[in-house]
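Working notes for the structure below.
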């Protein structure tokens with residue numbers, strides 16, 4: 001939700017790389033068993049899965065997902081783990097086999113549809129999973145994302161850190177977002193309003209992983 005000039009530059013650079021990789025993948029054969037992955041991507045994911053499943057049991061546990069660098073360093077890591085945990089509960093599973101492993105990552109595949117990415121990103125911001133994004137959801141998300149980034153990058157600027165720990169600043173930020181994108185004045189942001197809030201660059205930058 002919003003970005004700094006330096007983030008915009010990073011997005012543009014990453015966008016160029018993503019396009020190059022995407023064009024290259026058009027020439028690769030798609031896996032019949034695991035679409036939208038290519039056969040080469042599945043081969044690489046099997047290797048990564050095997051590196052996590054050191055005992056060769058054929059499954060891993062949710063806390064082991066952070067051994068995958070793409071998850072460990074992801075901006076939404078904590079929420080990805082939470083949503084994965086909910087998915088496993090819904091399916092009455094405790095373990096993650098390779099098929100489930102690929103399903104968890106599908107929303108981040110460059111060839112996955114925009115609607116899938118929007119829905120997953122919406123769930124990330126919908127903290128209490130009630131189907132709408134509230135002021136509290138926005139505030140809690142900003143706290144969570146800053147806290148995670150702060151743990152990973154202790155060199156965060158002091159001023160930015162102070163702002164993100166300031167309740168009044170966070171409330172103003174949340175109110176500004178709500179006032180601009182709550183088109184029906186419901187006091188919440190639904191999925192359709194969220195799609196206006198999140199632009200294509202946000203989807204590209206946050207919701208694409210090159211496997």
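Counting starts with 1 at the first residue shown.
From the backbone N, Cα and C atoms, a Cβ is placed for every residue, glycine too.
Feature annotations, reproduced from TrEMBL:
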COMPBIAS  1-13  compositional bias 'Polar residues'
COMPBIAS  16-32  compositional bias 'Basic and acidic residues'
DOMAIN    113-148  domain 'EF-hand'
DOMAIN    169-204  domain 'EF-hand'
REGION    1-35  region 'Disordered'
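Mapped onto DSSP helix, strand and coil, the domain 'EF-hand' (113-148) counts 26 helix, 1 strand, 9 coil. Long-range contacts of the domain 'EF-hand' (113-148) within its own chain (CB-CB distance under 8 A, at least 6 residues past either end) are made by residues 1, 75-80, 83, 86, 106-107, 161, 164-165, 170-171, 173-175, 177-178, 186-191, 194-195, 198, 202-203, 206-207. When pLDDT values are averaged over the domain 'EF-hand' (113-148), the model yields 91. Per DSSP, the domain 'EF-hand' (169-204) is made up of 25 helix, 1 strand, 10 coil.
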